[in-house]
Amino acid sequence: MDNLSDTLKKLKITAVDKTEDSLEGCLDCLLQALAQNNTETSEKIQASGILQLFASLLTPQSSCKAKVANIIAEVAKNEFMRIPCVDAGLISPLVQLLNSKDQEVLLQTGRALGNICYDSHEGRSAVDQAGGAQIVIDHLRSLCSITDPANEKLLTVFCGMLMNYSNENDSLQAQLINMGVIPTLVKLLGIHCQNAALTEMCLVAFGNLAELESSKEQFASTNIAEELVKLFKKQIEHDKREMIFEVLAPLAENDAIKLQLVEAGLVECLLEIVQQKVDSDKEDDITELKTGSDLMVLLLLGDESMQKLFEGGKGSVFQRVLSWIPSNNHQLQLAGALAIANFARNDANCIHMVDNGIVEKLMDLLDRHVEDGNVTVQHAALSALRNLAIPVINKAKMLSAGVTEAVLKFLKSEMPPVQFKLLGTLRMLIDAQAEAAEQLGKNVKLVERLVEWCEAKDHAGVMGESNRLLSALIRHSKSKDVIKTIVQSGGIKHLVTMATSEHVIMQNEALVALALIAALELGTAEKDLESAKLVQILHRLLADERSAPEIKYNSMVLICALMGSECLHKEVQDLAFLDVVSKLRSHENKSVAQQASLTEQRLTVES
């Protein structure tokens, strides 16, 4: 290291008078010292102040520019050297060298800029201001088709430089996308897929860019799907496959790309992985099984890709996914149930699946997870059942198959996601099914649990669904017994609160249920309706100009129904409802105006 100090002193003199031979010798000594101990040598270079002199050795005329760029690339491997390189004014001359025709100069310059940009805001900013990215992209475009090893090495360095330049920086990534880097990288991948280093660089770049929403459209207009699937089929190493997965997952969020991936044969690859890995207990295989099956489910989120794979219920992919549900592997059970939930996004698919025995498979799966079961599997299976119950024709079939009994086993669950799906499934099943609604509405355990969940302030979804199911039990059963059960369990106050919801659909469901209560069991419910301040709430809803027409209409229907109760009648009189109602006679909505006239007559007669 002593002769390093001599070299640095000598270099200071020769850098100024540019004595070529001794200059080359000094630079060779520096490179040698860096190869032996990079950190220590870099510290000495920084302390010597020589960095400032390097700018003058990076001119296009300089014969040693490649060596100087190489030295900068080596010192910039150290984090502490990156800002000093920027401060020494090296970025602008380095970017100028990107216009060189000499391959070695381009290689070392690309390395130097890439290392200076690595994890360095200052480095990136300086390269951005000097316009370095556009020149590199132009090089990638023009050199793209040349496949000799030296050129591939240069392409790899340039890709790496762009990656370091834009990594985790949305605005610089967006800049590269606007410069058209995506089609160029996809082309590179296609031509150089035999070159492992370059392929890897392209994949990492895709992984970075694919997270940006603006990139998806550009990716969709290339043949990225085809190239990635082709590459995937060739890979046997877990790490390489994992790398491709990391690009596929964000890309597959785009519906157009989902379809392209399906058409390129990705699904067949994924099914093969599942088959190979399902019985393995190796950590890598378990990870790959999860990633593969998750990606499969993601592909089914696109309507076109999902229908293509369903193939009218005859598709081999659909059949394979069905076979996952009875498997003993939790990950496959989960993916299978989620896939069914995705296939069940239109009525025709739902009807076909119910007719072909899917409900029994899902109920068997739920049965295996009742005691200390897997929450994600429970949630997925319930999601599938909920979706399957949407078509009217399926409801009676699912009820007679015993779905309500299977679902009710999860009433004791303390997991909000499971509670939420359980409630949604029951609500779908009883829609317009009077007998089922009555049976469930008289189930004291269920109603008490619903009332408890109506107070789940930490879980708005569960709270909302519980309220909606309470209301649905009354609306679809129109049963006095159901109303009595709900009154006895303390459910009335929740229905009254629901009438003030910010969601019109929920307000309306509450008002219709309350009108049925008032018509069928007013005597039983009047105390609860009074203490829940229903009359005051109705006055507020009618007086509020923002209330939707159907809310005003149903509020007036309810007011008329409440007149049969002495205490509620008195409250109506005390609140001067006539003023509010008479104003609504001129409402632009005909139904509201008519109901206002009827309500006004009723109030006048009863006063």
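For all residues, glycine too, the Cβ spot is worked out from N, Cα and C.
It should be emphasised that the depicted structure is a prediction, and the values quoted were computed from it without experimental measurement.
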LYS12, LYS230, LYS258, LYS421 - residue that Swiss-Prot labels as N6-acetyllysine: LYS230
Stated Swiss-Prot location of region 'Critical for catalytic activity', expressed as one of 179-228, 379-428: 379-428
Range among 24-72, 73-121, 122-170 that Swiss-Prot annotates as region 'Prevents binding to prenylated RHOA': 122-170
Per Swiss-Prot record, range annotated motif 'Nuclear export signal (NES)' [choices 4-13, 354-363, 454-463, 464-473]: 4-13
Which range of 239-255, 307-323, 494-510, 579-595 is region 'Interacts with polybasic regions in GTPases', per Swiss-Prot: 239-255
Intrachain neighbours beyond the repeat 'ARM 4' (391-431), with Cβ under 8 angstroms and 6 or more residues off its ends: 347, 350-351, 354-355, 359-360, 363, 366-367, 370, 375, 378-379, 382-383, 385, 437, 439-440, 443, 445-446, 449-450, 453, 456, 459, 461-462, 465-466, 468-469, 472-473, 476-477
Distant-in-sequence neighbours of the repeat 'ARM 1' (89-131), which means Cβ under 8 A and at least six residues beyond its ends: 51-52, 54-55, 58-60, 65-67, 69-70, 72-73, 76-77, 79, 82-83, 139, 150-151, 153-154, 157-158, 160-161, 163-167, 169, 172, 175
Tertiary neighbours of LYS230 (N6-acetyllysine) (same chain, Cβ under 8 Å, six or more apart): CYS193, ALA264
The repeat 'ARM 1' (89-131) - residue tally per DSSP class, helix then strand then coil: 32 helix, 0 strand, 11 coil
Assigned conformation of LYS230 (N6-acetyllysine) - DSSP reduced to three states: helix
The repeat 'ARM 4' (391-431): DSSP-derived helix, strand, coil residue counts: 30 helix, 0 strand, 11 coil
Residues of the region 'Interacts with polybasic regions in GTPases' (239-255) by DSSP state, where helix covers H, G and I: 14 helix, 0 strand, 3 coil
